[in-house]
Amino acid sequence: MPITPQEALQRTIEHREIFHDEMVGLMRQIMRGEVSDMMVAAILTGLRVKKETIGEIAGAATVMREFSRRVDVSDHQHMVDIVGTGGDGSHTFNISTCAMFVAAAGGAKVAKHGNRSVSSKSGSADALEALGAVIELQPEQVADALAQTGIGFMYAPLHHPSMKVVAPVRREMGVRTIFNILGPLTNPAGSPNILMGVFHPDLVGIQARVLQELGAERALVVWGRDGMDELSLGAGTLVGELRDGQVREYEVHPEDFGIAMSASRNLKVADAAQSRAMLLRVLDNVPGPALDIVALNAGAALYVAGLAGSIADGVLRARAVLADGSARARLDAYVAYTHQLAGQP
């Protein structure tokens, strides 16, 4: 029997789990607009207070994938998404977007799923627009860009139109809900490999196991002890790794990869223009903490994409494509191709 919204709310009040299949049914009702805003807000609050389980998150993500506009990709080999949940409050330049160009230059197919700013001063969509890229591409155009340039950016609002149903509720609530952790789990291109940053240490193991349940091949879920939702230079980073069907949790430090520690304040920016400037300095191979953190995260992406035998090997590969200019060339090629696809000069 499907669970009713009222029964679901009662479960959360009693700190009892909504089982996977029940969550699937409930989310379908919510995404179809069949549940009132008041009840949606109550259920989201109840889940947050109770703390969402692996089964609840996986069930909800399954439905979000069902309702998304998919990007049809025939070859998923070496494909990776580099994504964060946002909400870490670090206000750094857009590290994951910069790492995308480096990983693509290193041979990965980066299917990046992103949105406008949540925690940083510049979300991935903001950063790409500041770099001159056209971000509002249709699914078939994203697939084309991915095939031609090794990069496909999927602007979340275009791929998840059903999210409009819950947008007013989320906006009025103004607090984190399960939807904040669903976005990174619902890549419309179905990337089997993912480097995911999270905003809380508890999510490292949880999200890795959700990805396991959702059928991902390989994943690294990371949280820096300084609060960053990236592999950090300022502290150790907790890692949940999914590989060969198993999840392993461990901790890494920048010095493990021959990188000097550096506080996250050295990576802070005030707006999209500053983020763009710092990102371009990295792609121009200007030494410093920004270059180091991008090399570290791009190296992790190359590892999870199956293009490096370890994160350390991936970092070396990332540094090589930064040094020879191919990472910067990949940015220029991607921006130009998005204009071609959109019919813009």
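If you go along the chain as it appears here, the first residue is 1 and each next one adds 1.
Every residue gets a Cβ built from N, Cα and C, even glycine.
The anthranilate 1 binding site annotation in Swiss-Prot covers GLY84, ASN115, and the record cites sequence analysis as its basis. Under the heading 5-phospho-alpha-D-ribose 1-diphosphate binding site, Swiss-Prot lists GLY84, 87-88, THR92, 94-97, 112-120, SER124. Residues or ranges marked as Mg(2+) 1 binding site in Swiss-Prot: SER96, GLU230. The annotation anthranilate 2 binding site is assigned in Swiss-Prot to ARG170. Residues or ranges marked as Mg(2+) 2 binding site in Swiss-Prot: ASP229, GLU230.
Recorded features from Swiss-Prot, shown on the structure.
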{"residue": "GLY84", "record": "anthranilate 1 binding site", "Cβ within 10 Å": "28"}
{"residue": "THR92", "record": "5-phospho-alpha-D-ribose 1-diphosphate binding site", "Cβ within 10 Å": "24"}
{"residue": "SER96", "record": "5-phospho-alpha-D-ribose 1-diphosphate binding site", "Cβ within 10 Å": "27"}
{"residue": "HIS113", "record": "5-phospho-alpha-D-ribose 1-diphosphate binding site", "Cβ within 10 Å": "27"}
{"residue": "ASN115", "record": "anthranilate 1 binding site", "Cβ within 10 Å": "18"}
{"residue": "ARG116", "record": "5-phospho-alpha-D-ribose 1-diphosphate binding site", "Cβ within 10 Å": "17"}
{"residue": "ARG170", "record": "anthranilate 2 binding site", "Cβ within 10 Å": "17"}
{"residue": "ASP229", "record": "Mg(2+) 2 binding site", "Cβ within 10 Å": "30"}
{"residue": "GLU230", "record": "Mg(2+) 1 binding site", "Cβ within 10 Å": "26"}
For SER96 (5-phospho-alpha-D-ribose 1-diphosphate binding site), the three-state class that DSSP assigns: helix
So which binding-site residues out of THR92, SER96, ARG116, ARG170, ASP229, GLU230 end up within 10 angstroms of GLY84 (anthranilate 1 binding site), measuring C-alpha to C-alpha? SER96, ASP229, GLU230
Quick one: Cα separation, THR92 (5-phospho-alpha-D-ribose 1-diphosphate binding site) versus ASP229 (Mg(2+) 2 binding site), in Å? 10
Compare the C-alpha of ASP229 (Mg(2+) 2 binding site) with the C-alpha of each of the binding-site residues SER96, HIS113, ASN115, ARG116, ARG170, and give the closest one. SER96
